[in-house]
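**Student:** For reference, TrEMBL lists these features for the protein:
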- 46-297: domain 'G-protein coupled receptors family 1 profile' (DOMAIN)
- 30-52: transmembrane segment (TRANSMEM)
- 64-83: transmembrane segment (TRANSMEM)
- 103-125: transmembrane segment (TRANSMEM)
- 145-168: transmembrane segment (TRANSMEM)
- 202-230: transmembrane segment (TRANSMEM)
- 242-265: transmembrane segment (TRANSMEM)
- 277-299: transmembrane segment (TRANSMEM)
Amino acid sequence: MLSASISNDTAFHPSTFILLGIPGMQDQHLWAAIPFCSMYILALVGNGTILYTIVKERALHEPMYLFLCLLSITDLVLCSTTLPKMLTIFWFKSHKISYHGCLTQMFFVHTAFATESAVLLAMAFDRYVAICRPLHYTSILNGMVIGKIGLASVIRGLLFVFPFVILIERLPFCGHHVIPHTYCEHMGIARLACASIKPNTIYGLTVALSVTGMDVVLIATSYGLILRAVLHLPSKDAQFRAFSTCGAHICVILVFYVPAFFSFLTHRFGHRVPPRVHIVLANLYLLLPPVLNPLVYGVNTRQIRLRILDFFMGRR
């Protein structure tokens with residue numbers, strides 16, 4: 001009786017999942033790990049340097065740099081939820097992950113992505129206030145407001161992603177436990193179920209369109225207003241400085257959203273796209289922003305660039 005109960009429970013929810021890695025490239029996993037590991041190290045060093053520089057230098061305790069701190073923290077969470085496990089798959093053939101470990105990874109991956117999208121929206125609002133309402137900048141975006149925005153970004157991500165866990169928990173898996181992926185994500189797990197996953201599909205699309213899609217619309221609106229304001233500035237030098245600051249942010253936005261939406265669309269509608277392309281894209285949209293964001297801001301933001309150079313040259 002007890003063994004039958006355990007068997008039924010295992011059939012409904014497997015005790016472990018098997019993460020295959022990149023389908024069709026299992027023989028190249030050892031070599032594929034090298035660029036991924038290199039990018040992960042760059043992400044850790046780059047974002048760690050940005051955080052250390054901003055925290056250390058009181059002159060950088062301004063709204064734009066505080067938002068950049070939030071972005072770096074989110075980037076570190078975003079890549080650290082997937083890359084360590086992926087590297088153990090590639091190097092040590094450690095394909096197993098517990099059921100609850102898989103759900104935990106899924107939860108943090110989607111929460112970090114939703115949070116980063118909210119942080120990018122907050123940074124667009126910061127640039128809008130700085131350029132369109134410069135006299136009210138410090139009164140609108142003080143330390144308390146920035147803290148509340150950061151907290152709201154995290155809470156929004158938690159609230160929208162938690163139903164993913166509930167939707168997965170209701171599904172029976174009937175012994176299916178092999179995930180053709182390098183990490184656990186919502187639809188990748190749901191497709192293993194031996195029951196209807198229509199609620200999962202509908203809710204996933206709803207979240208993507210209403211949360212991330214709305215963020216993109218609001219960011220585009222902010223930059224439309226910023227562009228109009230910049231073109232009316234009397235000084236060419238002022239226009240150049242405004243475009244330079246906003247240009248860095250626009251690069252970060254494109255790096256974050258373009259691979260993410262391309263991966264999202266090919267995952268759901270690109271049935272002729274090879275599985276390995278899906279998986280590589282799914283990894284790149286989690287890894288590219290953490291790698292490139294520090295480089296973009298380090299190169300384009302003069303204050304950060306000078307502080308980093310001073311640090312490495314031993315000047316205080």
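Placement of Cβ uses the backbone N, Cα and C atoms for every residue, glycine included.
Those TrEMBL annotations? Automatic predictions, nothing curated.
Quantities reported herein were computed from a predicted structural model and do not represent experimental measurements.
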**Student:** Among 64-83, 242-265, 277-299, which stretch has the most Cβ pairs under 8 Å to the transmembrane segment (30-52)?
**Tutor:** 277-299
**Student:** Applying the under-8 angstroms CB criterion, which one of 64-83, 103-125, 202-230, 242-265, 277-299 scores highest with the transmembrane segment (145-168)?
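**Tutor:** Answer, by Cβ pair count: 103-125.
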**Student:** Is the transmembrane segment (242-265) in contact with the transmembrane segment (202-230), using three or more Cβ pairs under 8 angstroms as the rule and ignoring pairs under 6 apart in sequence?
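**Tutor:** Since 3 or more Cβ pairs under 8 Å link them, the transmembrane segment (202-230) and the transmembrane segment (242-265) do come into contact.
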**Student:** If you average pLDDT over the domain 'G-protein coupled receptors family 1 profile' (46-297), what do you get?
**Tutor:** 90
